[in-house]
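Colleague: The transmembrane segment annotation in TrEMBL covers 42-64, 76-96, 108-125, 137-157, 201-220, 240-261, 273-292, 352-374, 386-410, 416-436.
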Amino acid sequence: MASMGVDAEQEPLLGDLTPGSREWDIIETEEHYKSRWISIRILYLTMFLSSVGFSIVIMSIWPYLQKIDQTADASFLGWVIASFSLGQMVASPIFGLWSNYRPRKEPLIVSIFISVTANCLYAYVHVPASHNKYYMLIARGLVGFGAGNVAVIRSYISGATCLQERTSSMANASACQALGFILGPASTDEAQVPQGNIDQVAVVATNVLFFVVLFIFALFETIVTPLTMDMYAWTREQAVLYNGIILAVLGVESVIIFMGVKLLSKKIGERAILLGGLIVVWVGFFILLPWGNQFPKIQWEDLHNNSIPNTFGEIIIAFWKSPREDHNEEPTGCPIEQAWCLYIPMIHLAQFLTSAALIGVGYPSCNVMSYTLYSKILGPKPQGVYMGWLTASGSAARILGPVFISQLYTSWGPRWAFSLVCGVVVLTILLLLVVYKRLVAFSVRHGRIQE
């Protein structure tokens with residue numbers, strides 16, 4: 001019995017779809033059905049907790065980094081955030097390939113152990129006497145490596161959901177066919193073996209689209225804390241609190257969007273929603289461009305503007321105030337080291353909130369639609385490795401996004417940074433229009449069902 005369990009775990013979820021194979025003839029038992037859905041719900045919980053942990057950390061990284069190492073600047077922040085995705089990019093194809101040939105619980109257990117260990121290291125990076133920022137860099141990279149298990153989770157959930165659709169009712173098999181999974185009939189006389197190759201152009205194009213979607217959101221979540229601290233003179237505590245509230249509201253908004261696009265996709269299709277989502281994201285970043293004649297508060301401006309004390313009384317007052325200001329009040333505003341603070345207008349709070357709301361609509365729409373299209377395009381093939389590459393492309397975006405925006409923002413300011421982001425989104429929209437007709441399900445492409 002134990003041997004049979006291991007064999008079943010090692011076998012690809014969608015199995016060997018040939019006449020006479022176990023997956024071709026089997027009708028799933030009630031016990032197997034319940035066991036499968038317990039596994040799916042556990043994996044949902046795993047992904048939820050992982051996302052919660054990521055959200056908690058991402059808003060507090062910048063203040064935490066400033067606190068543990070005074071030599072860290074906004075440019076290094078980009079590398080710290082990117083290290084998470086670098087680790088995930090390396091781990092995702094490895095865990096995906098591992099799950100195709102070994103029991104899936106093996107890569108999941110190993111990845112969770114790595115994540116727990118790395119988070120413990122992250123919690124204590126303030127302990128060493130020096131080089132704390134590099135310890136944080138390593139810790140976040142290891143956390144990302146552990147998060148590479150998302151490839152295993154995605155491939156399992158995609159296949160398991162469709163398998164239960166097929167075995168619970170043949171009438172419901174169309175749901176799997178709509179996803180591109182041709183799971184075969186209960187009898188070998190009812191249909192022929194699914195044949196045909198995956199459209200590799202569509203696969204590559206979807207990976208590029210997914211890369212850009214994650215790239216855009218990664219740079220937004222990276223820059224939001226430094227941006228609000230520079231523009232609105234928020235303290236570290238205020239930035240963590242207010243941005244945390246904003247992130248929580250965007251999370252609720254995303255849940256509503258996820259439910260809405262599921263219904264809308266049945267009417268207009270995934271490609272149209274993906275295109276609309278990219279347009280909304282472009283509008284969001286366009287609104288974020290600075291304008292007007294109001295400039296952000298300059299950090300240290302009070303020190304530079306104060307006149308030199310002349311009388312003994314002024315000297316005593318300055319001496320009395322300075323220690324309190326140095327130790328009890330942290331400097332706020334746009335750092336004078338960033339030269340653009342002197343000539344780039346501030347981004348008004350209404351601009352920022354409107355932009356965040358629009359990006360909160362566009363990003364989840366693009367994210368879920370690109371992932372859904374990818375699953376449809378792949379069809380009945382075991383998806384572990386393919387999902388690993390999709391996760392790796394997303395991780396590459398999370399590497400380049402933070403580095404890109406932190407370097408550009410520090411050197412040239414938000415006007416150049418967000419203008420280039422708008423340009424990237426326009427190019428992505430053009431790419432989507434070029435490959436629009438190829439982004440169809442495997443079953444549609446090979447004529448097994450109508451689109």
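Cβ atoms here come from the backbone N, Cα and C positions, even for glycine.
Keep in mind that TrEMBL annotations are predicted by a computer and have not been checked by a curator.
Explain the structural surroundings of these features, please.
Modeller: Within the same chain, residues 54, 58, 61-62, 65, 107, 111, 133, 136-138, 140-152, 155, 218, 222, 226, 384-389, 391-392, 394-407 sit at least 6 positions outside the transmembrane segment (76-96) and bring their C-beta atoms closer than 8 Å to a C-beta of that stretch.
Long-range Cβ contacts of the transmembrane segment (352-374) within its own chain (Cβ-Cβ under 8 Å, at least 6 residues beyond either end) map to 154, 179, 203, 206-207, 209-210, 213-214, 216-217, 220, 224, 227-228, 231, 246, 249-250, 253-254, 257-258, 261, 265, 270-271, 273-274, 276-281, 283-285, 287-288, 386, 390, 439.
Only residues 6 or more beyond the boundaries of the transmembrane segment (416-436), in the same chain, are considered here, and those with a CB under 8 A from a CB of the stretch are 201-202, 205, 208-209, 212, 215-216, 219, 223, 271, 274-275, 278-279, 281-282, 285-286, 288-289, 405, 408-409.
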Colleague: Applying the under-8 angstroms CB criterion, which one of 42-64, 108-125, 240-261, 273-292, 386-410 scores highest with the transmembrane segment (201-220)?
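Modeller: Most Cβ pairs under 8 Å with the transmembrane segment (201-220) come from 386-410.
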Colleague: Same-chain Cβ contacts of the transmembrane segment (42-64) under 8 Å, 6 or more residues past its ends?
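Modeller: Distal contacts: 74, 77, 80-81, 84, 108, 112, 115, 119, 122, 136, 140, 147, 149-150, 153, 156-157, 221, 224-226, 229, 236-237, 239-240, 243-244, 247, 251.
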Colleague: Which bits of the chain, at least 6 residues beyond where the transmembrane segment (240-261) starts or stops, bring a Cβ under 8 A of a Cβ in it?
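Modeller: Sequence-distant neighbours of the transmembrane segment (240-261): 55, 58-60, 63, 221, 224-225, 228, 234, 273, 353, 356-357, 359-361, 363-365, 368-369.
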